[in-house]
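**Q** For reference, the structure I am asking about is given below.
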Amino acid sequence: MSRSKRDNNFYSVEIGDSTFTVLKRYQNLKPIGSGAQGIVCAAYDAILERNVAIKKLSRPFQNQTHAKRAYRELVLMKCVNHKNIIGLLNVFTPQKSLEEFQDVYIVMELMDANLCQVIQMELDHERMSYLLYQMLCGIKHLHSAGIIHRDLKPSNIVVKSDCTLKILDFGLARTAGTSFMMTPYVVTRYYRAPEVILGMGYKENVDLWSVGCIMGEMVCHKILFPGRDYIDQWNKVIEQLGTPCPEFMKKLQPTVRTYVENRPKYAGYSFEKLFPDVLFPADSEHNKLKASQARDLLSKMLVIDASKRISVDEALQHPYINVWYDPSEAEAPPPKIPDKQLDEREHTIEEWKELIYKEVMDLEERTKNGVIRGQPSPLGAAVINGSQHPSSSSSVNDVSSMSTDPTLASDTDSSLEAAAGPLGCCR
């Protein structure tokens with residue numbers, strides 16, 4: 001594309017302290033969140049005739065870590081295509097050459113709210129179960145490609161008013177290696193698994209602890225383990241769940257083991273005490289979902305010893321979840337990631353910049369006339385299986401009144417105010 005023609009395709013608008021220079025197809029930009037990794041705006045796509053979210057990466061070439069994170073996010077979003085993972089619609093840059101290249105814009109599906117708002121609602125069993133089912137389907141799809149999300153938290157999970165749920169933000173995702181020697185400083189503290197807190201290394205079911213924390217928060221309407229730092233976080237966990245057994249202690253590094261063994265010993269509480277029936281909604285007559293089933297699932301996810309924690313496949317088959325089971329969702333073909341050494345790559349900033357520029361140019365070429373060519377639409381229609389999903393006629397728990405503003409809250413702090421409201425049909 002010639003320089004003059006490229007210039008004519010873009011316009012600039014001030015968003016807070018930042019300037020968004022976007023393709024003219026994107027109109028009516030409105031800020032909806034900001035954070036360490038970038039600023040997110042809602043916009044209207046005149047070509048696709050739909051609302052979208054545009055994320056401007058924050059200084060992607062500031063250092064090698066930022067550059068590597070940006071490259072990883074682009075590669076993973078391009079490869080992953082599942083109804084419970086946020087869909088990539090477009091990627092572009094207003095710069096005209098590699099030498100000028102400095103800004104990356106990622107266009108994604110726009111959702112109605114993040115899970116932080118939904119957690120404050122009184123959900124019935126159908127809606128809670130269905131939201132968790134979708135979460136697990138998205139996680140399994142990532143795990144099937146060896147991708148550990150590591151950053152699951154309510155603000156990284158978004159929903160629409162029809163109860164559709166999607167996982168987002170892959171800037172901190174990592175492909176699973178053989179050594180599992182991974183940095184523990186990743187997940188928002190409250191949702192960190194014990195193996196992360198204790199620097200033990202981790203495998204895929206580190207994400208199941210995070211789901212357990214989120215589910216517990218949906219039940220209790222409060223954070224389960226609100227630690228101020230790693231030490232306080234560990235103390236909060238063992239005070240409630242109990243000090244782990246000696247076999248677990250043997251797995252710890254010597255210095256960590258010494259500290260943990262010298263802490264006061266806690267018996268912990270039963271899950272009936274932590275999550276009494278009074279916190280749960282009434283048992284479901286239609287799908288036979290009960291508080292006892294929900295509590296049993298929590299007890300299998302919130303397990304300190306990862307070797308005894310439930311896997312995503314086991315969670316999907318749990319009685320509280322499997323009423324929604326659909327092979328097309330839970331057993332979708334794994335994404336094909338061409339760069340098998342995605343997380344082992346080490347480059348200079350300039351080398352990362354060139355790699356990212358090539359990715360952006362490739363995606364620009366593939367999205368000239370709409371969504372990415374060669375990739376199925378991320379907005380696949382919901383498949384209704386044998387189990388009836390929460391009825392659209394139900395006025396109980398409808399998220400449509402939760403907020404008038406949409407959101408796509410990746411690593412950003414959503415600007416939306418949580419508002420009480422009913423949560424609508426789930427499928």
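Note that the numbers count up from 1, one per residue, in the order the chain is shown.
Every residue gets a Cβ built from N, Cα and C, even glycine.
The annotation ATP binding site is assigned in Swiss-Prot to Ile32, Gly33, Ser34, Gly35, Ala36, Gln37, Gly38, Ile39, Val40, Lys55. Annotated domain 'Protein kinase' per Swiss-Prot: 26-321, in sequence order. Among the features that Swiss-Prot reports, S-nitrosocysteine is placed at Cys116, with the record citing similarity to another entry. The phosphothreonine annotation in Swiss-Prot covers Thr183. What Swiss-Prot records for Ser377 is phosphoserine. The region 'Disordered' annotation in Swiss-Prot covers 371-427.
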**Q** Highest Cβ count within 10 Å among the binding-site residues Ile32, Val40: which residue is it?
**A** Val40
**Q** For Ser34 (ATP binding site), list the number of other Cβ atoms lying within 10 Å of its Cβ atom.
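**A** For Ser34 (ATP binding site), the 10 Å Cβ neighbour count is 21.
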**Q** Is it possible to get the count of other C-beta atoms within 10 angstroms of the C-beta of Gly38 (ATP binding site)?
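**A** If we count other Cβ atoms within 10 Å of Gly38 (ATP binding site), we arrive at 25.
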**Q** On the 0 to 100 pLDDT scale, where does the domain 'Protein kinase' (26-321) sit on average?
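**A** Per the prediction, mean pLDDT sits at 90 for the domain 'Protein kinase' (26-321).
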**Q** Roughly how many angstrom lie between the C-alpha atoms of Gly38 (ATP binding site) and the residue listed as 'S-nitrosocysteine'?
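**A** If we compare the Cα positions of Gly38 (ATP binding site) and the residue listed as 'S-nitrosocysteine', the gap is 19 Å.
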**Q** Relative to the Cβ position of the residue listed as 'S-nitrosocysteine', how many further Cβ atoms are located within 10 Å?
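**A** For the residue listed as 'S-nitrosocysteine', the 10 Å Cβ neighbour count is 20.
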**Q** When DSSP states are folded down to helix, strand and coil, where does Ile32 (ATP binding site) land?
**A** strand
